[in-house]
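Beneath this line is the structure, given in structure tokens, with notes to follow.
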């Protein structure tokens, strides 16, 4: 079984870097819209997998729990409210549910496609860790790993390099997967502008 985890902050804290251009209510609506897009991409990808898959939203926010229920996916309560700790706990629960593979997708990937998610899984045939970096090649927008795995989650500053370094130190085969749609996230006002321009009808 494949477990797909989509971590999402509490809405009140999400997308704080966009506070200068979006009001709190607008940021919350954006987060929910992005999360729904990522859920849809993950769900569409499961049809191409060679084994069953389950999708979990990892969050402390009751609104995200409601989104999970409305979307027909599962919710893992985030009791840590720190991304790496939350994903470590999620990995335990996903592995206990019988998963042999875990895919982590950031919840703010407005362009991610089902093909991207499937590519993460397919790339594991020749690796123990597959990592999709952001546009700067520093952050981690998505990753896939075989379970069980000793790899620590190292999301945060320069996480792409730190994940690869940790995998190498553990003797794990790491592979980078770079696509424009996986690399694009909404972490600043310029990318928000680009996203809105692309969404605007011609």
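Residue numbers in this text run from 1 along the chain shown.
Yeah, the Cβs are placed from backbone N, Cα and C, and that goes for glycine too.
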Seminar exercise, completed: Listed by Swiss-Prot with 156, 159 as binding phosphoenolpyruvate, from among 140, 168, is 140
For this session: Give the three-state DSSP assignment (helix, strand or coil) for residue 159 (phosphoenolpyruvate binding site).
Result: helix
Exercise. Far apart in sequence but close in space: which same-chain residues, 6 or more away, have a Cβ under 8 Å from residue 159 (phosphoenolpyruvate binding site)?
Worked result: 138, 139, 140
For this session: Within 10 Å of the Cβ of residue 140 (phosphoenolpyruvate binding site), how many other Cβ atoms can you find? Include all protein chains, please.
Result: 22
For this session: Could you tally the C-beta atoms, other than its own, that fall within 10 angstroms of the C-beta of residue 156 (phosphoenolpyruvate binding site)?
Result: 12
